[in-house]
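The ATP binding site annotation in Swiss-Prot covers 31, 32, 33, 34, 35, 36, 37, 38.
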């Protein structure tokens, strides 16, 4: 996997956004206030990463952790 793909992101101000982000690179997201930068970074990418990490843990360990909602993506 050389890229992180986001398809159809619909979190807060994001309206069916598709993007490909290269892995192991420094990425900068810029835009106007309210354009969805934080929605992309925290509510989509971070939330999905945390969800996948927690799902990889044992059922015993998962019971002690709160899980973020799955992002609204395709």
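Think of each number as a place in line: the chain as shown, counted from 1.
Cβ atoms are placed via backbone N, Cα and C, with glycine included.
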* To do: Out of 31, 34, 36, give me whichever of these binding-site residues has the highest number of other Cβ atoms within 10 Å.
  => 36
* Show, in sequence order, which residues other than 31, 32, 33, 34, 35, 36, 37, 38 on the same chain lie with their Cβ within 8 Å of the centre of the Cβ atoms of the ATP site. => 13, 39
* Structure fact -> Around the Cβ of residue 38 (ATP binding site), other Cβ atoms found within 10 Å total 15
